Structures are given as C-alpha cells and as structure tokens.
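Undergrad: I'd like to ask you about the structure that follows.
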Amino acid sequence: MSKNLTGVGGSLPVENVQVLAGKELKNLPNRYVRPELEHDDVVPIDNSLEIPVIDLSRLLDQQYACDELAKFHSACLDWGFFQLINHGVREEVIEKMKVDTEDFFRLPFKEKNAYRQLPNGMEGYGQAFVTSEEQKLDWADMHFLITKPVQERNMRFWPTSPTSFRETMEKYSMELQKVAMCLTGMMAKNLGLESEILTKPLRTVFNREDELLPSMSSCGEGLGLSPHSDATGLTLLIQVNEVNGLHIKKDEKWVPIKPILGAFVVNIGDVIEIMSNGIYKSIEHRAVINTDKERLSIAAFHDPEYGTKIGPLPDLVKENGVKYKTIDYEDYLIRSSNIKLDGKSLLDQMKL
C-alpha cells in the first residue's frame with residue numbers, strides 16, 4: 001500500500017457544499033437535515049461546565065511542573081479534551097496560517113477544485129467518510145494534507161494560491177509537532193512510562209482545514225461535523241475565525257467549547273486510548289453550523305508512523321488485562337478511512 005493515503009480508501013463522490021450553498025436553497029437537502037438535533041441535551045453556553053485549561057509553560061517549569069502534571073493527568077483521565085495556553089507556538093505563525101486558510105477557502109470553487117481528492121484517496125479538497133448513498137452528510141468542505149514525514153507529502157494537493165500557503169503550512173506543522181511530542185511525553189510520564197514510548201510512534205502529521213458553511217435558520221437543522229471520536233493519536237485544533245460550534249460529549253450531554261484566544265483545543269484520539277489500554281479515553285465531539293457565517297478551523301492530527309503496530313502498551317495491561325486488539329497501523333488506517341463518522345464505532349471494532 002502506498003504511504004501517502006492513496007489506496008487506503010476514500011469517500012463516495014458528493015456535490016461540493018460551497019456549490020450547493022451558492023444555489024441559495026430554501027431548505028437544506030434532505031441528506032443534510034438532522035432531526036435528532038432537536039432532542040439533544042446541550043449544556044447552556046454560560047454554564048460553569050468547561051473543559052480544563054493546561055499551561056504548557058508550567059508543565060516545563062520545575063517550580064510548577066508537579067502541580068500542572070497532576071492537573072494534566074486529571075484532564076486526560078476525566079475529559080480527554082483541554083485547552084492549551086502558553087504553548088510556545090509563535091503568534092505570527094498561527095496568524096499567518098489562519099490568513100492563508102481563509103484565503104484558500106475564499107478562492108473560486110474552480111481554483112480550489114484543482115486540489116480535489118482523487119478516487120480511493122483521502123488527501124485533497126472535498127469531503128471524507130462518505131461510505132454509502134443513504135448516510136447523512138455534513139454541511140462542510142475540507143482540505144486534507146499529509147505534512148509529516150516530509151517524504152510522504154503529495155505536493156499535488158498543496159495549494160500554490162495563496163502563494164505563501166506551502167511555506168506557512170511547513171512552519172505551522174513543524175511547530176505543532178514539537179508541541180504534540182511534548183504533550184505525549186508528559187502523558188507517558190503520568191502513566192509511569194518513558195517519554196519516548198508515546199512520542200516515538202506518533203510522528204506522522206495530517207492537517208485538515210474545515211469550512212462549515214452557514215445555513216439560514218429556515219433551512220432546518222444540520223451539522224458541520226458528525227459526532228465522532230478522532231481515529232488518530234492526538235489532535236491540536238485552532239479556530240480560525242470568531243464563529244464557535246465545537247461541542248464535546250460529557251456525561252451524555254453536549255458541552256459547547258468557548259475557545260480561549262490564542263489557545264489550542266487538544267483532544268485525545270482513539271490511538272492513545274488503545275495504547276493506554278483505556279486509561280486515557282478519546283471523546284466524542286461534533287461541530288454545529290452557524291446560521292449567519294461560515295466556521296473555519298484547522299486541525300493537526302498526530303498519528304503513528306507506517307510500520308508501527310497499534311495495541312495496548314505491555315506495561316499498562318498488568319492490572320486489568322488487555323482490552324484492545326493489536327494490529328498494523330496500515331490495517332488500522334484502512335479501517336478508519338472506510339467508515340463513516342459515527343460516535344466511537346471504529347474503537348468498538350478494536351475492543352476485545
């Protein structure tokens with residue numbers, strides 16, 4: 001199998017959401033309408049239930065590290081989601097990535113479509129995880145890239161407009177990989193492991209930019225991203241504009257996330273749940289659409305290297321036994337690329 005996501009599986013072709021939105025529809029097409037949203041239990045946004053905030057500078061400061069490590073461990077155990085502040089990623093790198101992302105999605109459809117996904121592939125501009133003609137669809141378009149390792153990049157999908165996009169993505173992905181390696185090293189420490197046990201395998205980086213198109217209130221209820229847990233190891237997300245919409249599932253209720261300016265929203269993925277033998281759990285989340293304006297976000301997914309086996313780490317199975325299967329990453333990638341976003345359905349396949 002090719003290592004650049006060609007041949008691992010891809011979505012069935014569906015019409016581009018930007019094209020559909022340009023038709024000024026009076027109603028959302030039926031495949032995008034989610035009647036179940038009317039019955040969902042959503043925590044009011046002014047409620048005190050908020051995800052933890054972790055300060056990376058304190059984790060790295062000997063004076064505060066002990067307390068912050070305990071707080072970090074609690075966030076991973078009880079939430080699987082947290083906001084990361086004082087992360088060390090240069091503000092100018094983040095802001096330039098935001099600007100270039102906005103500029104890319106503002107391009108005419110014809111220009112963006114030059115970077116469209118190929119059949120049976122994940123990379124590029126389009127949609128993902130469409131596996132049947134009947135499933136409900138997300139009211140969003142995405143642009144998906146492999147950024148690390150460098151030799152696995154397929155530059156066919158890397159835009160040349162805006163002209164700075166490639167250089168910006170290079171700098172951004174490099175800095176975020178450093179942060180992810182630091183966090184996974186701290187996770188390993190909290191689990192009683194050597195830091196490289198988690199940092200060494202998670203060196204593949206995928207970047208996905210999402211544009212959730214606005215929907216007029218008369219169009220009915222839809223979702224920009226279906227409820228799911230990330231199939232990857234660790235995700236770092238930054239919101240590009242001021243439009244909120246990320247919800248996480250906590251105690252069977254949907255909790256809206258209020259991003260802190262300049263912070264990354266970080267979440268544990270299925271791979272770390274498997275490797276930790278369920279000590280740290282991935283969390284179901286979704287994105288809702290706004291009635292007035294599009295929502296833009298950039299997610300950096302940190303995944304195992306090709307040739308890696310995914311399974312519970314031996315030092316973490318002694319007390320409670322093995323809870324998950326061990327499989328080759330390539331096989332896992334094929335599974336994750338050919339399943340619709342549906343809660344934790346992929347992880348359920350991995351349980352013993």
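Any Cβ shown, glycine's included, is placed from N, Cα and C.
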Undergrad: With His228, Asp230 listed by Swiss-Prot as binding Fe cation, identify the candidate in His247, His285 belonging to that site.
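TA: Between His247, His285, Swiss-Prot records just one in the Fe cation site with His228, Asp230, namely His285.
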Undergrad: Please list, in sequence order, the residues in the chain of His285 (Fe cation binding site) that are at least six apart in sequence and whose C-beta is under 8 Å away from its C-beta.
TA: Phe81, Leu225, Pro227, His228, Ser229, Leu246, His247, Ile248, Lys249, Asn267
Undergrad: How many other Cβ atoms are found within 10 Å of the Cβ atom of Asp230 (Fe cation binding site), counting all protein chains shown?
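TA: Here the count is 26.
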